[in-house]
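As annotated by Swiss-Prot, active site, proton acceptor applies to H363. The Mg(2+) binding site annotation in Swiss-Prot covers D103, N228, and the record cites sequence analysis as its basis. According to Swiss-Prot, the feature acetyl-CoA binding site maps to N386, Y387, S405, A423, R440. According to Swiss-Prot, the region 'Pyrophosphorylase' annotation covers 1-230, on the basis of sequence analysis. The region 'Linker' annotation in Swiss-Prot covers 231-251, and the record cites sequence analysis as its basis. Under the heading region 'N-acetyltransferase', Swiss-Prot lists 252-462.
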Amino acid sequence: MVNKNAIILAAGKGTRMKSKLYKVLHEVCGRPMVDHVLTEVEKTEPATVVTIVGHGAEKVKDYLGDRSQYALQAEQLGTGHAVLQAEDLLKDQDGITIVVSGDTPLLTAGTFEKLFAYHHDKGAKATILTATAPDPTGYGRIIRNDIGIVEKIVEQKDTNDKEAAVNEINTGVYCFDNKTLFQALHEVTNENAQGEYYLTDVVEILKKKGEIVAAYKMPNFEESMGVNDRVALSQATKVMRQRINTAHMRNGVTLIDPESTYIEVGVKIGNDTIIEPNVVLKGNTTIGSDCFVGAGSTIIDSTIEDNIQITSSTIESAIMHTGSNIGPNSHLRPNAEIGVDVHVGNFCEVKNAKIGDRTKIGHLSYVGDATLGTDINVGCGVVFVNYDGVAKHHANVGSHVFIGSNSNIVAPVEIADHTFIAAGSTITDDVPEKAMAIARARQTNKENYWAKLPVAKDEEWQ
């Protein structure tokens, strides 16, 4: 088996992005562009991956960690100069090396493997990945001779009129014989319009030495898209979204309107789940089978088990167990855990709380920093009062408890099993098992008081 290495070019400043964020760290469907590239490269099982970093180097290293080795390009002197920075890490290795830009998030491992195979079949020292561009402006052109052999690559600013009319472009991905690559790089000069050391000049150097230079034309130009500004970022995101959504539908998920459904890379969805329009699924989210996610819902970094109904609600870093349901217009905040067959109705919020099986929280309630047992009824307008202005406090509620509407549960407090909280109560003390707690002022009726009220003199109120 041929030894494979990879060099990822990630040193560009990305000035056209007009951003404080390092270009290759801009996200496409939830992951930085350079992560997409590295993930696909890793699928080809390279022996060594070297990422060339420059501006914002530490942020790239922090994100990718030990998945790659790194070489610093302190000055931006061109792609040839960038690749040369990996020399100390790779120059003595046999085999082949792929060079790919860190801002091409749509490239796939399948394309890389086809490039490797073509390179091997042609016995080439260098193979260029090319594509036919509808509009080649801005790309380096592939110049072939009369019998179709690659002669050179000409950068946009160095083209003449005839060369500029060529629509076969250089995608910026190459496969080289590793040792040949670094030998040739030392012969590259910066005698061009940009005053830079072009990696593309290696092609001409090898041709002059009589080496075989091949070009594999990929069938899908869209896959080669490089991202240099926010417009291209949105275009790449659109393509990636379509890939992701298509994969889920082929795996048995119903997307009512794929065009309006945003699902990030890494989200897992079981079969026979239905996703309505304008749903957003992000981060490390898993959704089971036979679920329903209603229009306008957002789920982030959460686990949704089987047979769950979510109606127009937001769920963040939470867990919903089998058979539960939520919404419309409710919010599970971080560390909320909803038990089996639990009902969380409309306009409710649950935060840092565990809700036991079969408990019902019907509407207009807040449950924060609490543990609730099983088979509880939480009435309308119940508030778990968890913050004293300085610190958060926890409330524990047992099982088989009835909490009447408009009650306040002031933590820290313990409410035992089989208890009843009367409507309108403000509970500040522990409630023992099988007790009923009433904590409100006694009602007073004042006879004939109506006549003393100002409205009594208004004819409309007579």
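Just so you know, glycine gets a Cβ as well, placed from its N, Cα and C.
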Largest tally of Cβ atoms lying within 10 Å of a Cβ, found at which of the binding-site residues N386, S405: N386
Chain residues outside the region 'Linker' (231-251) and at least six past its termini with a C-beta under 8 angstroms from it: 17, 26, 28-29, 33, 36, 105-106, 222, 225, 258, 261-265, 267, 269, 271
Arithmetic mean of per-residue pLDDT over the region 'N-acetyltransferase' (252-462): 97
Between H363 (active site, proton acceptor) and S405 (acetyl-CoA binding site): CA-CA distance (Å): 10
Nearest of the binding-site residues (D103, N228, N386, Y387, R440) to H363 (active site, proton acceptor), judged by Cα-Cα distance: N386
Residues that sit under 8 angstroms from A423 (acetyl-CoA binding site) by C-beta distance, when 6+ apart in the chain: G379, G404, S405, N406, S407
D103 (Mg(2+) binding site), number of other Cβ atoms within 10 Å: 27
Number of helical, extended and coil residues in the region 'Linker' (231-251), per DSSP: 20 helix, 0 strand, 1 coil
Nearest-integer angstrom distance between the alpha carbons (Cα) of Y387 (acetyl-CoA binding site) and D103 (Mg(2+) binding site): 46
